[in-house]
Ligand code: FEO
């Protein structure tokens, strides 16, 4: 059984993951509008991954006898200045998610809630990867953004991403 505190934080994080899905879907839409289909694909897949993260937390909370309470998800931004802004915002957002996950781990640890700390270890590892990838993308988009042929190749590369449902 989880404490009320941990239950509230996990519910907040379910909403956070769902918001991330909306945020990345808005980024995908922006790239679609620019005809950068590969980058649009990348963020569409990322959006679906975030929904899987929310589902994981949803299932966990049910498994440990917590009550899932869904929140309203705020609207994501409707527009972006350019591709660099999107990649920088994606990185900043992942850093924020990492801090939120760390905070739940901290509270669960203080409460000797070993089930939750063990469950969240997957998310801690996932955030390391997500931040590393987002950071590499910021560096790459800086390299290619003013070079159409390089941007084309980057778009092709990210167009190959498929959703890993085995997570
Ligand atoms: Fe679910 Fe990108 O963190």
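Each Cβ is built from the backbone N, Cα and C atoms, and glycine gets one as well.
The Fe cation site recorded in TrEMBL includes 17, 50, 53, 94, and the single candidate from 34, 121, 127 that the record places there is 127.
Counting residues of the domain 'Ferritin-like diiron' (1-145) by DSSP class, helix then strand then coil, yields 116 helix, 0 strand, 29 coil. Long-range Cβ neighbours of residue 50 (Fe cation binding site) (same chain, at least 6 residues apart, Cβ-Cβ under 8 Å): 17, 18, 20, 21, 24.
When other Cβ atoms within 10 Å of the Cβ of residue 53 (Fe cation binding site) are tallied across all protein chains shown, the result is 23.
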